[in-house]
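Feature list (source: TrEMBL):
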REGION    242-261  region 'Disordered'
SIGNAL    1-23  signal peptide
TRANSMEM  81-101  transmembrane segment
TRANSMEM  122-149  transmembrane segment
TRANSMEM  169-195  transmembrane segment
Amino acid sequence: MATTTCQVVGLLLSLLGLAGCIAATGMDMWSTQDLYDNPVTSVFQYEGLWRSCVQQSSGFTECRPYFTILGLPAMLQAVRALMIVGIVLGVFGILVSVFALKCIRIGSMDDSAKAKMTLTSGILFIISGICAIIGVSVFANMLVTNFWMSTANMYSGMGGMVQTVQTRYTFGAALFVGWVAGGLTLIGGVMMCIACRGLTPDESNFKAVSYHASGQNVAYKHGGFKASTGFGSNVRNKKIYDGGARTEDDEQSHPTKFDYV
């Protein structure tokens, strides 16, 4: 029951995290205009991974996609790639984890196969969450760098006088959604890896011991055990415990001090 619960909770967290990663990737508010120095404005700008938008005070919003790929910053393209890779890995992890649930039986699939599938899905979720967190963090670092560079350019005149007015951008809502979604996916992957241990069968090695029923005449020889039933069988029994093959007549014709009858 504990293994099934861990699997289900890990799957739900990963599913919720994957949905958050998809939502964050499609959101337009990765960076929003900073209104600290200009709180009253008729235009509000914000940008995403795929397009930039301008919202007017009347409520009209106009968005323009990025029509170029080579003209975009390399960091933005890297963030796109990381988010897409994280989503793809998360989708594969969901598919594998559904078939790896202990409560679902498919054919003659044993627990060892389910344990391997659970571990695989957990690793996929962990990598997916790490990709999402790294992508959002890289974009946030780029925003911080541009913010302080814009601030330095605004107050670079004589006597600290403001000479130019530049648009500065700060963190958008998509960054926080991406961080939370990546964390949930990562936690779900860890729980799936923990559930894998509960599905792994315990391998125990048992040493086999052979027991022979004693008959009417039992002869104990040094170096081995031989039992005769005394029913007058004409077949000569071969002794294989003594390192070589000797017949019963040969052994009885050469008695030793270790023979007990």
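Positions of Cβ are set from backbone N, Cα and C atoms, glycine also.
TrEMBL does not curate its annotations; it predicts them automatically.
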Would you kindly list the residues that approach the signal peptide (1-23) from elsewhere in its chain, counting only those six or more residues past its ends and only Cβ-Cβ distances under 8 Å?
-> 83, 86-87, 90-91, 93-94, 97-98, 100-103, 118, 121-122, 125, 128-129, 132, 177-178, 180-192, 194-195, 198-199
Chain residues outside the transmembrane segment (169-195) and at least six past its termini with a C-beta under 8 angstroms from it | 3, 6-7, 9-21, 23-25, 27-34, 45-48, 83, 86, 90, 93, 97, 118-119, 121-133, 135-137, 139-140, 143, 146-147
